[in-house]
Amino acid sequence: MSDYKSTLNLPETGFPMRGDLAKREPGMLARWTDDDLYGIIRAAKKGKKTFILHDGPPYANGSIHIGHSVNKILKDIIVKSKGLSGYDSPYVPGWDCHGLPIELKVEQEYGKPGEKFTAAEFRAKCREYAATQVDGQRKDFIRLGVLGDWSHPYLTMDFKTEANIIRALGKIIGNGHLHKGAKPVHWCVDCRSALAEAEVEYYDKTSPSIDVAFQAIDQDALKAKFAVSNVNGPISLVIWTTTPWTLPANRAISIAPDFDYALVQIDSQAVILAKDLVESVMQRIGVTDYTILGTVKGAELELLRFTHPFMGFDVPAILGDHVTLDAGTGAVHTAPGHGPDDYVIGQKYGLETANPVGPDGTYLPGTYPTLDGVNVFKANDIVVALLQEKGALLHVEKMQHSYPCCWRHKTPIIFRATPQWFVSMDQKGLRAQSLKEIKGVQWIPDWGQARIESMVANRPDWCISRQRTWGVPMSLFVHKDTEELHPRTLELMEEVAKRVEVDGIQAWWDLDAKELLGDEADQYVKVPDTLDVWFDSGSTHSSVVDVRPEFAGHAADMYLEGSDQHRGWFMSSLMISTAMKGKAPYRQVLTHGFTVDGQGRKMSKSIGNTVSPQDVMNKLGADILRLWVASTDYTGEMAVSDEILKRAADSYRRIRNTARFLLANLNGFDPAKDMVKPEEMVVLDRWAVGCAKAAQEDILKAYEAYDFHEVVQRLMRFCSVEMGSFYLDIIKDRQYTAKADSVARRSCQTALYHIAEALVRWMAPILSFTADEVWGYLPGEREKYVFTGEWYEGLFGLADSEAMNDAFWDELLKVRGEVNKVIEQARADKKVGGSLEAAVTLYAEPELAAKLTALGDELRFVLLTSGATVADYNDAPADAQQSEVLKGLKVALSKAEGEKCPRCWHYTQDVGKVAEHAEICGRCVSNVAGDGEKRKFA
């Protein structure tokens, strides 16, 4: 028997079946680095319209986690897809390098500044530590396949950036947004520093809940207000609080002007409460026998005075809109030094902003004999005992409530009035302008707009000063006596910035005031405070984007971070940009959810459900991680687990196998010589290219809308359904058995070439390593890298006016599906082995029959059977299977007649009819020794 294997065009490619990504990717990265791929892309895109995604800087502390990976991969997908869409999209990664976490790490190793090291040496150690952390994180980000200017990232500790941060503050001061005040701010006693809003988390805490009586000074005046005379015992106004430790700072009692307040007789005293809360208060304090003697509006009680239970002074009743009937007594303990609402109303009434608490959280000397030097969180019991002793405590119980805590230490924080510098939200209209700017930004998902609007509308002034060592100095001089800023502040700040640009922030601390102020130096002091690190990152639109040459003066198009950054980076950037320039720093803001495990639980080392990106890359490869990110809807929580990553790996194999099939069947194809014109191609091949064209339209729309999970779903549908289970199956016969250089085969290869050119580009933003690998195996002249090009423009489709248009082939797909069901049943019943052992008769109603008949003998190639006949629907025998999908179709199957051709495996009656090739069928004889078969349709 002759061996006809050599006459077949069997698929052949060096592109490996297995991805082996974990081993292969590092080699590709080395090539990208050696070639300066990022530089090649920049050169190729020079002069194109720009798209700038400004990198929100991760903190330079610790290894990257799965959340970092999600963030950087999403950014990279966008930057690469924009490049393919014809944009110049430079990506400059950055790091946030100042601040407390780095200080704490350095303190752990070297002690606090001033112990073993001077403050200058301590800062140098912080800089050194941050640089080491940047290097570690950079390696992992590069390993993810993220392309960017990794050799020249921006660091907030770069001297030039530090100088520009000072300049940003100068601009804000020049625009009139800065003010100083002894204002209550979030204060962490462990950090010994003020905290920004974004540095506060809320946890449940158990505190004493107390009702306290403040006795009236002028009892008769109160009786007159309530129009009563028969009161038994003293009259008191009752407050409720869960922070007894703040009572030493009490300077007033706030009541609501429009609420009704009742005078209630209980035993041998009378108390004043909001009328609507009388019943709940009586239940709480265990009183069943009480009488309401009279009621008045809160406004009637304004400025009446009451005795502080133990501090020895009296306090006024004042009117406040912040008083509610949600809980308590309707009268609010007011300590202007310990709360923002209290502070605001205190300013209105000219109250003292008392702050009896030191930076370490202990009462200052002279507060109260039994409280001096006591930690405030240990003082609650002492205060409760004091109130009991004075007869002012009506009730005490334990209560669990949500309490602000430090994001680093997870310990409770306090509000504490300290002299601080603030960016005012209202003195120059910053709040109003910011709210206006928010409306001009596209928020993705769109609920982000309402979220940040609410935060901006309700946020307090921004406390930007910190009492730390490792941070950008505020670089201000204030008068020793008046505490006013120097009249030449902006000029002086520019002088400081110039020095910092050369020597870094240490230049400020080394500066002798006389160098800049001359004879005035004795009248001024250098402000020792540093800037909140959120000011560092929030000003990068100015300190980085505005000055980097590759951004050419363009503002950022997009900021992309986790959804917690509405109150973090998005907020600080908006505040600073609006305060400096009167406009938002971004056009689009995209947020992604947090990563959770397969059961939807938060990632936690204690639970042991964390997924390490380094482990995933070492086991499965970065492309699997990238595919997981892209295929997950990032607008909600993003679930990741070994099982979920395994599913991503399965999807990857389907895409890789499709690419490999295309490459293997393009063996020997030279697009410069072998391309078949569209009008001369087999109709099915033109349909396949049209499928790619339709898929590309969907995929490009999804990339444009940042719907990457839609990109992956459409890509999978194209590979699995349109190609894998239909087209690629059908063409194997023609591809393998036709004459190598025949139009029938070259038509098929032309289609595969167009599809491969499109597919490799669709993959590139997501499966960057695999796309680069595929690119290297594609035939024809091309640029070295897929990333320098644009979406493929060589696709075309069938015209609707053609008889065999897309609708025709869509119906054929359904017919093929129905035939497959019948064949599968026949195989299960052991009637046939494979589909080529079968012959089918399609009993069809006239319209469908005409379409099927139009394919002639080529219908069998579409159905993958050795025979296919079309007959009238009404002639169908009883055993013909009625289609569930196509009402006008029945399918009958029989065993194919004739012998099996060993070359094409079809069963035909003409095997051995040609003496010279006695073992093969007539079609194969033509393909081996004749002019080759002609294919028109399939």
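Cβ atoms are placed via backbone N, Cα and C, with glycine included.
Quick look at what Swiss-Prot annotates:
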- E561: L-isoleucyl-5'-AMP binding site (BINDING)
- K605: ATP binding site (BINDING)
- C901, C904, C921, C924: Zn(2+) binding site (BINDING)
- K183: N6-acetyllysine (MOD_RES)
- 58-68: motif ''HIGH' region' (MOTIF)
- 602-606: motif ''KMSKS' region' (MOTIF)
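Positions of Swiss-Prot features highlighted on the structure.
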residue : record                          : DSSP (3 states)
K183    : N6-acetyllysine                 : strand
E561    : L-isoleucyl-5'-AMP binding site : strand
K605    : ATP binding site                : coil
C901    : Zn(2+) binding site             : coil
C921    : Zn(2+) binding site             : coil
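Checked against C924 (Zn(2+) binding site), the recorded positions K183, E561, K605 differ in C-alpha distance, with E561 being the nearest. Using Cα positions, the member of the binding-site residues C901, C904, C921 nearest to K605 (ATP binding site) is identified as C904. Remark: secondary structure over the motif ''HIGH' region' (58-68) totals 3 helix, 1 strand, 7 coil, with classes taken from DSSP.
Residue pair C921 (Zn(2+) binding site) / K183 (N6-acetyllysine) shows a Cα separation of 95 Å. Here the Cα atom of C901 (Zn(2+) binding site) is found 62 Å from that of E561 (L-isoleucyl-5'-AMP binding site). Shown in sequence order, T737, P902, R903, W905, H906, T908, V911, I920, G922, R923, V925 are the same-chain residues outside C901, C904, C921, C924 whose Cβ sits within 8 Å of the Cβ centre of the Zn(2+) site.
Cβ neighbour counts within 10 Å, taken over all protein chains shown, single out K183 as the most crowded of the recorded positions K183, K605. Cα of E561 (L-isoleucyl-5'-AMP binding site) to Cα of C904 (Zn(2+) binding site): a distance of 56 Å. If you take the Cα of C904 (Zn(2+) binding site) and the Cα of K183 (N6-acetyllysine), they are about 87 angstrom apart, rounded to a whole number. The local packing around C921 (Zn(2+) binding site), expressed as other Cβ atoms within 10 Å of its Cβ over all shown chains, amounts to 28. Averaged over the motif ''HIGH' region' (58-68), the predicted model reaches a pLDDT of 93.
Counting every protein chain shown, the Cβ of C904 (Zn(2+) binding site) has 22 other Cβ atoms within 10 Å. Here the binding-site residues are C901, C924, and the one whose Cβ sees the fewest other Cβ atoms within 10 Å is C901.
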